[in-house]
């Protein structure tokens with residue numbers, strides 16, 4: 001299905017006046033992109049503590065405020081776009097006549113027809129087979145790949161709407177630690193399984209008892225589908241669940257690729273789900289936060305036995321004392 005994206009370029013002051021003009025023609029749903037919002041969030045005076053800020057977010061600071069309206073690509077939708085153009089034209093004339101001292105920005109209207117399917121699938125062209133460790137290749141379902149050797153393990157995945165294509169540094173680090181610290185007879189618990197990438201990696205490594213859990217029902221469904229894709233339904237179970245309640249599973253290895261604050265928060269519950277002197281592998285941690293995360297893990301009865309780094313990220317392996 002196609003839709004029309006209409007952008008109105010204005011100023012911080014002009015946003016409210018543009019929204020009022022739209023409301024007068026019956027349009028009350030609009031997306032507002034205001035660079036000042038990003039500046040406020042990044043302001044060190046605020047109490048927010050961001051693990052990571054993508055460069056594209058910072059680029060928004062230098063852009064002009066924009067009001068965006070989405071319409072169906074139908075006659076009705078095209079009529080709506082024309083109404084928007086007329087409403088902005090009227091606002092521009094009002095500014096010239098009686099609002100000379102008010103900066104409403106450019107008040108330029110741009111429209112473009114986009115394909116919903118194209119938008120959903122554009123990212124796929126950038127997702128290619130990738131060798132994430134010496135043995136494991138992550139391959140999207142729509143790409144062909146031939147094994148270079150018998151030792152290679154090909155992990156097939158379609159992340160769908162779940163988090164995790166398998167190519168991020170944190171995934172690579174977790175898989176490397178799984179390769180190093182798991183045994184075939186281990187029970188592995190994957191906390192926040194996302195697209196199922198770490199559960200499947202453990203299965204390909206020969207582990208026979210794996211449970212992946214997530215609090216996102218979409219992630220649970222996507223993980224289940226990816227487990228089927230890799231023919232591992234006999235060794236991997238995926239279920240909706242929160243580690244802090246209702247998960248009755250004792251593991252030899254718990255792996256959690258989350259983020260620093262969540263790893264620290266869950267360390268106590270991870271310890272409760274481990275057998276004896278077992279292993280906790282965690283990532284989603286910026287190198288600059290490694291010290292504080294390690295300290296939180298130690299306070300819950302663990303000894304740090306390994307730390308791997310790649311790019312801006314690190315992964316920690318800890319053993320329960």
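Cβ atoms here come from the backbone N, Cα and C positions, even for glycine.
Remember, TrEMBL labels are computer predictions, not curated facts.
Every protein chain shown contributes to the tally, and the Cβ of residue 171 (S-adenosyl-L-methionine binding site) ends up with 27 other Cβ atoms within 10 Å. For the recorded site, residue 171 (S-adenosyl-L-methionine binding site), the DSSP three-state label reads helix. Residues or ranges marked as S-adenosyl-L-methionine binding site in TrEMBL: 171, 192, 214, 257.
Across the coiled coil (74-101), mean pLDDT in this model comes to 87. The feature coiled coil is assigned by TrEMBL to 74-101.
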Would you give the longest CA-CA distance, in whole angstrom, between residues of 171, 192, 214, 257, the set recorded as binding S-adenosyl-L-methionine?
16
If you skip the near sequence neighbours and keep only those at least six away, which residues in the chain come within under 8 angstroms of residue 214 (S-adenosyl-L-methionine binding site), Cβ to Cβ?
192, 193, 194, 220, 223, 238, 240, 241
Grab the same-chain neighbours of the coiled coil (74-101) for me: Cβ-Cβ under 8 Å, and only residues 6 or more beyond its ends, written as numbers and ranges.
3-4, 6, 8, 17-18, 21-22, 24-25, 27, 107, 109, 111
Residue 192 (S-adenosyl-L-methionine binding site) CB neighbourhood, other CB atoms within 10 A:
23
